């Protein structure tokens with residue numbers, strides 16, 4: 001199964017169906033990869049990283065540049081220094097996105113409380129730039145208790161809907177599809193995934209599902225941080 005075939009099949013499932021789909025377990029260890037600190041994860045259905053639509057263990061994130069949402073400039077995601085996290089969301093989401101942002105927030109809180117906030121960073125990427133403006137991101141940060149002044153949290157906003165499609169779907173392989181919602185504002189069906197990436201741009205873990213475990217993420221991050229010292 002190639003990535004685009006998997007992605008097309010996933011697109012038919014919708015957001016809730018995607019949430020529990022095939023991903024990486026964080027418990028297992030297998031063959032070593034010189035590009036990553038963590039061992040190979042256990043996976044459902046004996047899939048390899050290359051079978052998944054998004055970058056997974058041992059693979060590099062795409063070579064794309066995304067604008068910062070709350071400041072000038074942009075970031076090349078492959079060139080981010082040190083361990084960091086990505087997730088993909090929209091601020092009007094009322095289902096899994098708040099859970100994804102909350103999990104990253106808990107890791108951020110731990111980094112601040114334990115004194116390693118300068119050793120990890122967070123880069124959530126919106127795929128709804130039409131509605132996700134600076135005011136929406138600031139409201140999201142306030143509602144989710146995200147510390148955007150800590151210096152390690154950076155909302156990213158592609159420049160327009162076509163760029164969001166190219167960056168999130170085409171490059172990262174993260175499915176999203178606009179859904180009609182009657183008279184209410186439109187929503188999205190989308191893949192729920194968090195990526196832990198090392199300072200060389202390689203994915204250490206991809207966490208799937210509607211309840212990412214921040215304790216596991218913190219433990220994995222600790223090992224990646226130690227390896228980068």
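Glycine is treated like the rest: Cβ placed from N, Cα and C.
TrEMBL: automatically predicted annotations, no manual curation.
If you check TrEMBL, you get these features:
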| type | residues | note |
| --- | --- | --- |
| DOMAIN | 55-226 | domain 'Thioredoxin' |
| BINDING | 93, 97, 190 | Cu cation binding site |
| DISULFID | 93-97 | disulfide bond |
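Summarising the environment of residue 97 (Cu cation binding site), the number of other Cβ atoms within 10 Å of its Cβ, over all protein chains shown, is 24.
Most other Cβ atoms within 10 A: among the binding-site residues 93, 190, that distinction falls to 190. Mapped onto three states, the DSSP output places residue 190 (Cu cation binding site) in strand.
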